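Only one structure is covered here, and it is reproduced in the block below.
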Amino acid sequence: MQRGALSPVLMLSAAPEPPPRPPPALSPPGPGSAPRHGSARSGPAPEPSGGLAAALDSSLRAAVAFKAEGQRCYREKKFREAIGKYHRALLQLKAAQGARPGGLPTPSPGPTTSPGPARLSEEQRRLVENTEVECYDSLTACLLQSELVNYERVREYCLKVLEKQQGNFKATYRAGIAFYHLGDYARALRYLQEARSREPTDTNVLRYIQLTQLKMNRCSLQREDSDGGTGGPARNVVG
């Protein structure tokens, strides 16, 4: 009968066969089966984290490398090639910031997911931000060297830089230039005066402030003339 004492083990092995009614002997297999499912779930967990870390590191290295190539092209006055390199660096930065569990579209449903880019250390966040700012700043410099300057893009990139670094002199000055050429003289003057407060003796800033003030004066005179012109004929007709 000592062998009969082993019957619960036999019952355990035989218990999974009849699914209709689980006898009391099925309670041991429950915890026994749970580890199997748990191990299947927990087994692959280290693999995605390692894969994400490798992808993140690779994206950051690629972004820094593309930025360096863009700087080299800019020094060689290959502005179009430099623009392409900076754009590729920004794409790599977006890929790095998108390396989060579950992907970018669904960060909110999971309460355990962090609000910022997942798996980015503080040093990596600083690297991403600094590289992004340098790329946008360099893009504006390249665009301003073009024969046909896209001032809307210059304005867009300058504002992106100022979102991260409000005290960036070059971005402030170039934003003023962009608004000037887009005909928004009030905003142009605001950014240019802000740039002058940081670099009071910069001749380019002072020159653009004078140009902007001249444009604003002309616009105000034209409005006065147009108002007077419409009022003049009306009085003549009445007379």
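Cβ coordinates come from backbone N, Cα and C, glycine included.
Quick look at what Swiss-Prot lists:
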{"type": "REGION", "residues": "1-54", "note": "region 'Disordered'"}
{"type": "MOD_RES", "residues": "Ser7", "note": "phosphoserine"}
{"type": "COMPBIAS", "residues": "16-32", "note": "compositional bias 'Pro residues'"}
{"type": "MOD_RES", "residues": "Ser27", "note": "phosphoserine"}
{"type": "REPEAT", "residues": "63-97", "note": "repeat 'TPR 1'"}
{"type": "REGION", "residues": "98-121", "note": "region 'Disordered'"}
{"type": "COMPBIAS", "residues": "104-114", "note": "compositional bias 'Pro residues'"}
{"type": "REPEAT", "residues": "169-202", "note": "repeat 'TPR 2'"}
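If you average pLDDT over the repeat 'TPR 2' (169-202) in this model, you get 98. Counted with DSSP, the repeat 'TPR 2' (169-202) comes out as 27 helix, 0 strand, 7 coil. DSSP assignment over the repeat 'TPR 1' (63-97) gives 32 helix, 0 strand, 3 coil.
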